[in-house]
Amino acid sequence: MSKSTFLFVYIILILGSMVNEIQGQHAMCHEILPETDCGAGSCTALCLQLWRGTGKCVRTNDQKLICLCNFECIV
């Protein structure tokens, strides 16, 4: 009885790990929203609406403000 229980648990663990591989890995993705104005929280609101992420205005090397959206994605 204990061998069959051990085998059953082992099979369940193997199947669970296979399902996790099929579903993909979660990672942090980044997207630049070039058409977004960086005033009055529009960057944060648009990023939240599009990808349920967090948006932040950052300054580029040429001193332009761009909206950078960070969100969780599956790769």
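All residue numbers here begin at 1 and follow the chain in the order shown.
The backbone N, Cα and C atoms fix where each Cβ goes, glycine too.
Source: prediction; values computed, not measured.
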Candidates Cys29, Cys38 - disulfide partner of Cys57 as recorded in Swiss-Prot: Cys38
Cys67, Cys69 - which one Swiss-Prot pairs with Cys43 by disulfide: Cys67
Recorded disulfide counterpart of Cys69 (Swiss-Prot; options Cys47, Cys73): Cys47
Nearest of the disulfide-bonded residues (Cys43, Cys47, Cys57) to Cys73 (disulfide bond) - Cα to Cα: Cys47
Residues near Cys29 (disulfide bond) in space but at least six apart in sequence (CB under 8 A): Trp51, Asn70, Phe71, Glu72, Cys73, Val75
